[in-house]
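Engineer: Okay, handing you the structure first.
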Amino acid sequence: MQRAGSSGARGECDISGTGRLRLEQAARLGGRAVHTSPTGGLGARQVAGMSAKERPKGKVIKDSVTLLPCFYFVELPILASSVVSLYFLELTDVFKPVHSGFSCYDRSLSMPYIEPTQEAIPFLMLLSLAFAGPAITIMVGEGILYCCLSKRRNGAGLEPNINAGGCNFNSFLRRAVRFVGVHVVGLCSTALITDIIQLATGYQAPYFLTVCKPMYTSLEGSCKENSYIVEEICSGSDLTVINNGKKSFPSQHATLAAFAAVYVSMYFNSTLTDSSKLLKPLLVFTFIICGIICGLTRITQYKNHPVDVYCGFLIGGGIALYLGLYAVGNFLPSEDSMLQHRDALRSLTDLNQDPSRVLSAKNGSSGDGIAHTEGILNRNHRDASSLTNLKRANADVEIITPRSPMGKESMVTFSNTLPRANTPSVEDPVRRNASIHASMDSARSKQLLTQWKSKNESRKMSLQVMDSEPEGQSPPRSIEMRSSSEPSRVGVNGDHHVPGNQYLKIQPGTVPGCNNSMPAGPRVSIQSRPGSSQLVHIPEETQENISTSPKSSSARAKWLKAAEKTVACNRGNNQPRIMQVIAMSKQQGVLQSSPKNAEGSTVTCTGSIRYKTLTDHEPSGIVRVEAHPENNRPIIQIPSSTEGEGSGSWKWKAPEKSSLRQTYELNDLNRDSESCESLKDSFGSGDRKRKHIDSNEHHHHGITTIRVTPVEGSEIGSETLSVSSSRDSTLRRKGNIILIPERSNSPENTRNIFYKGTSPTRPYKD
């Protein structure tokens, strides 16, 4: 079959039935339903090529049943009735304005009358300009827009064609008719509204008395007696001019000019792009200024009062604004308006499923970041899962994972200030530290530390050393207490990011010689800043979930018993609580009793290295202690100073041969060191009850963590150090109390870490 086409196929509507719709349908069907044109035909290849050329333009055709009926039976009758009504109101005297009174010899109504032919903008010129000017501008703009959009690939941006009654209406025809039609109807409506208001008010124009020529002699009384005249006393010959003189409010010129200017300005703002920065403002200002001039000429030529013109501007602009927004949809394509409405009403689930709104992560940087994050989660599954157990809104806890595998069973007990970690550990050996930050009230922390410091100073803690061995002392070391304005952050690889801040240096005492010299001293890092939260490090010595097996229960009971036994060291020494914890955790010898105090309770701690207590500085923030007992078991004991060294400095005493080097760093927990084996004391049950009550209290304070890291070890001579002090001099720290008893290295060992903090308002007990 021969394919055919004609000029009728390219027209908007073809009476012979060879319209574009059928041609495009035939092209979509592969050229099967093709008709013959009466004017001749084209070859099959030519028609196939033409249809393929038109197909990429993608002109979607929609069938409409209500388009033509609405246009013929609704819109055209409204427009026709408006025009007819406007004709009778403007050009005939069928409808006359109401009669309103005036004052005798009113100078505001006695202005000269200017003939219509001498007006700057006559009424017919106004109608032609108000109708033709915007209409022509809109049609030209729509033609240019249609040509530009039709050249795009697949006709993007064009409205779909409408097939109604066998006629195909493209976007240019539809938009031009819609915009121009609304403009014409709007002008007619504005003129009708203005005429109705003028007829209803009957307000006189400034030239009314000039054309009326009132006969004051026909009045029953003089103008002095009747200053306000309501009778009809005009003697002018031209009734049309007299009636027009009674229709001043609002100004017809002002309303029509304002409507045309605002309507076409809205069209320019919505249609023109921003490629030309000055074209749109130029066109908008041109039409606005023209409308303003049309209204002001009515004032200068005494046709209307100023208030009439101003009210006319408001009425015309309001009508144009309403029609532009609601009748033509702000001159936007109908499909775009529908899409915008659907986007606004689309649910969040639809937006999440929309592939156009999903960010692609296929580039290198984002892919690396995602892979890195997934690797972190896989390597430290325990830390990620433990975050789900944080119930506090501002909880941001830093968890330091151990660097070496710990015992078979572990048990971590926290106070009510921090959540429990009840998740198993799936940790890669490469994984070092995971950081989570816990915010605290810095003001409250400073208050507690100040109270602790004042209490500590009031007791005038004195350090007494029972063993006097002056030989083999090593050079003094310094303890640096750092007060930071920003909390320290521990990265994934264990690196610390700490900004520079101020230092508080404390000169310690000397270290007696032992098998190894100890040139390096402890480093206490305390970070705080007024008005900022403190960083709390919570070490986790566990790699397994906290089990409720009988073995764990028995282990916990044993460590609770060991904790009660440590009252001897705590009551026998006038030392800070933190140093008592270190001494208890590092002890390995059996305590020997000797009558030292009035109560008969004695404490003897056996070890290879002797230490003096820490200074009075409040241990707020972060505390780290690192010791490295690779082969031997050093014991940390804090004796009291008897040689006038109660200044609160560190002194390290060890056996004569100086070969051991140990470093104590704050903020890491004891990794490989051995634990205290046994403690002997003679304290009564009353003290144990008090200790038990203290251990059951819940406190709201930060937690100080200690990590003892071995560096190098050698032979350490074991010596005995006896420490005693008054029972009333026991210091109850206002800060954080940490009890860390450690068991031996046996496979069945169990470590219990008890974190205790005193209540913020709890007083110190003697």
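All residue numbers here begin at 1 and follow the chain in the order shown.
Using N, Cα and C of the backbone, Cβ positions are placed for all residues, glycine too.
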Engineer: Among Ser218, Ser270, Ser347, Ser410, can you tell me which residue Swiss-Prot lists with the annotation phosphoserine?
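Structural biologist: Of Ser218, Ser270, Ser347, Ser410, Swiss-Prot lists Ser347 as: phosphoserine.
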Engineer: Of the residues Ser366, Ser386, Ser425, Ser649, give the one that Swiss-Prot describes as phosphoserine.
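Structural biologist: The candidate carrying the phosphoserine note in Swiss-Prot is Ser386.
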Engineer: What range among 510-529, 570-589, 590-609 does Swiss-Prot record as region 'Disordered'?
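Structural biologist: My reading of Swiss-Prot: the region 'Disordered' range is 510-529.
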Engineer: Using a 10 Å cut-off on CB atoms, tell me which of the glycosylation sites Asn269, Asn456 is the least crowded.
Structural biologist: Asn269
Engineer: Can you name the far-off residues of the same chain, 6+ from the ends of the transmembrane segment (179-199), with a Cβ under 8 Å from a Cβ of it?
Structural biologist: 75, 78-79, 82-83, 85-86, 89-90, 95-98, 127, 130-131, 134-135, 138-139, 142, 246-252, 255-256, 259-260, 263-264, 267, 312, 315-316, 319-320, 323, 327-328, 331
Engineer: For Asn456 (N-linked glycosylation site), which DSSP three-state class applies?
Structural biologist: helix
Engineer: Could you measure between Asn456 (N-linked glycosylation site) and Asn269 (N-linked glycosylation site) for me? Cα positions, answer in whole angstrom.
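Structural biologist: Cα-Cα distance, Asn456 (N-linked glycosylation site) to Asn269 (N-linked glycosylation site): 77 Å.
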Engineer: Can you see whether the transmembrane segment (248-268) and the transmembrane segment (68-88) are touching - at least 3 CB pairs under 8 angstroms, only pairs 6 or more apart in sequence?
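Structural biologist: These two segments do not touch.
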Engineer: State the non-local partners of the transmembrane segment (120-140) in its own chain: residues 6+ outside its ends, Cβ under 8 Å from one of its Cβ atoms.
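Structural biologist: Same-chain contacts beyond the flanks: 90, 176, 179-180, 183-184, 187, 252-253, 256-257, 259-260, 263-264, 267, 287, 290, 294, 297, 300-301.
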